[in-house]
């Protein structure tokens, strides 16, 4: 009897017969094994092993089952999980998480017909059809060598589980096919290139010992096992004495995942596990966590160790156990946390310099001549009204607080800080390349090349639909989708992206109107307190409105980007991921930075002048910057947006949303009737993991950090404290993400990767754009250039005395347009004939009144020259940094070369050992005659080139 027959592959389709055959199969199946010991029974009860207590569960599939009363289960068989259900983020399996597909491709009735493939088959209900597809798929898995065990009598009503185990021969076969590098028996010592470096390294390790987590990877850092691509023919090179632990749980689950992806049913149009998930045959698929983390009696495992030494806020000051993270979650997730950790470390010097720049502004505020002149009590400069009719003339001295506050962020040190941050970004990128190369060496990925992934289920389904249509017409089979097939989707993408960007611009314009109207309304207020704090009230409330809109649109744009990517039907998961990342980044970047860009570069520049202001809808006068400039308002907008996104979106949402989804799944599964402690005792490991949130990929994690990187670098000239706030956020973010991965999410399938992919290109692009934006912020938004021009071109004594008066133009109040003059001309207690406004224009008594003055052109020329010089000098410095710092550390390059030599030596010794063994066998078999015959055979043709030459090989 074959294993398939013993395991009951061909089961009847009715529920009655299925239950009977399951019972008989279990009796026959367990008859092959001895009785369980107490320890084995305890292990199997935790759900990590089959019922025999010997074979480990490497993967789990779940499917809907009928309840005993014949009704439908709590998870309906025809149910299509959505974004917030069992298989979250369907179609986005880009990071090796739960197997997921997009439901939209499988909801039409032709889909079911396509998947059946056998017209002669008839089923009494959709449930029977799905049961048949499950039996067929599981039989195929058994043919591939996997061992399966079902469990329908679980404590979760309506959910059945298929536990999958990969035996040793399957693991070896797949490891060879996947070209996995495994450690050999050869061990060598990794030493610094000199004794001095060795002593320094030892001293540094002793000093930093309290900062290292208590995990094994930090115990012996100078010993490394030589690794080589696994081969069944060369198993003697590897230590296979402990076959149960040679392949760890991460590797075992990734091997089973690979088999599930490529296994197809015998039906004519079936695409394997992805299509079965999308059509509801299975509801989810995931590997198991190693064990519990919270219970004191929980056995020691990697998950519990990660929880204690990594996913814990009490160890925030320690380094991350990146090696253990990689061992448990895989290289792709390990690289993310390594990148996040390095980024957080690099923020420490940036934060220190930013705080020093801010403190310099605080220390020199009383010595700043322009703000001293504005705040001087004898200053009687009368300014023109800030709005029509309801606003009155005002004294420049009332802007004293704003001027002093602006100096905190608009001082000569900000120019130095902008240059420093540009170089900091370059150093960060170079440091990461070196760190990434070191990790690739330590994780045996130096020769790893990504192979072409399997086609996505959506892609194959579209191809099959098109193939069916063509076969009906011309009997011609379609192998792939052409650009013409995707043209409507591409056009939809372009139109929708432009529409979403237009929505962002419209909302920013609406906030502008809010500021204008609110300012006019507060000027008309009868409350003196409201009139005294108009600027602060308007700026703060507008910034908060912008924040709320940004948070809402972020979620909308994320859903729109996914929908647009699904429309394109990318062929592979990698292509899907890159297109999704690009669209999401463009939309979220525009959403986050459009209000800031408006304040930095457009506000106060499209105003006009007194007597000829610019109006929106002929009623709303365009906004002006305060006398301290728009830099202060830019700082307010930047700080509120950055802090709000970090506190609300990145932290509260990450904590609350997974817990809420877990609670919803718990209630839907009818488990709410059980008490908490009773339920914990009844649930197996695979049942507990069923309630966890499916892994949705690393795109949201990277995206929030990239946007933060933009806040830190793009407008850092206006907000030098941005690196400090980013550092404080990331200290919490690392532990928050760690806790989410360890306790809140199902265990992702380990995915190999040697870099962070497209995210590195986005980081480089943001760093380059940051240089240009900071050049324009310093030149056009701050008063750095006007102050410098005045000091060196117009100041009589080379100081800034008189700078405020130099930047103010004159206006004759009799030249106001009819109906635009103030309703209270005597607000200051006297009649005003001439008022002042900030601009470089000719006075009313000149031959060309109110025309742009020559000082304006001089300042503009210097501003443009500064942008060009700043941009080119800083980029040149960045290129020098790139050139000076090699991408591959010298010691890593030497170790890679050493490993190649050791590997060649190992193979040569192995060949020599085989040769000696062959000689011994021949000697034992035929004595000296056998040896002589062997020598003659080895020196015979074709190695002899001619009678006079020596024998060559």
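Heads up, residue numbers simply count up from 1 along the chain you see.
From the backbone N, Cα and C atoms, a Cβ is placed for every residue, glycine too.
TrEMBL entries are annotated by machine, without manual review.
Since we're looking at a predicted model, the values are computed, not measured.
The stretch that TrEMBL tags with transmembrane segment, taken from the ranges 536-560, 611-635, 636-660, 661-685, is 536-560. Counted over residue pairs separated by six or more positions, the transmembrane segment (494-516) shares at least 3 Cβ pairs under 8 angstroms with the transmembrane segment (536-560), which defines the two as touching. For the transmembrane segment (413-429), the residues of the chain that approach it from at least six positions outside its boundaries are 342-343, 346, 349-350, 353-354, 356-357, 360-361, 712-713, 716-718, 720, 723, 760, 763-764, 767, 770-771, 774-775, 777-778, 782, 784, 870, 874, 877-878, 881-882, 885, judged by C-beta separation under 8 angstroms. Summarised as a single figure, the pLDDT of the domain 'Anoctamin dimerisation' (49-322) averages 73.
Beyond the transmembrane segment (580-601), the same-chain residues lying 6 or more positions past its ends with a Cβ under 8 Å from any Cβ of the stretch are 92, 94, 493, 497, 500-501, 504-505, 508, 511-512, 546, 550, 553-554, 557-558, 560-562, 564-565, 630, 633-634, 637-638, 641, 645, 699, 702-703, 706-707, 710-711, 714-715, 718, 758-759, 762, 773, 776-777, 780-781. When Cβ-Cβ distances below 8 Å are used as the criterion, the transmembrane segment (762-785) is approached by residues 370, 410, 412, 414-415, 418, 421-422, 425-426, 429, 581, 585, 600-601, 629-631, 634, 706, 709-710, 713-718, 807, 859, 862-864, 866-867, 870-871, 874-875, 878 of the same chain, each at least six residues removed from its ends.
Residues 319-320, 322, 325, 408-409, 411, 413-414, 416-417, 420-421, 424, 427-428, 431-432, 435-436, 439, 698, 701-702, 705, 709, 712, 716, 720-724, 726-727, 730-731, 733-734, 737-738, 756, 759 of the same chain lie 6+ residues outside the transmembrane segment (336-360) yet bring a C-beta within less than 8 angstroms of a C-beta in it.
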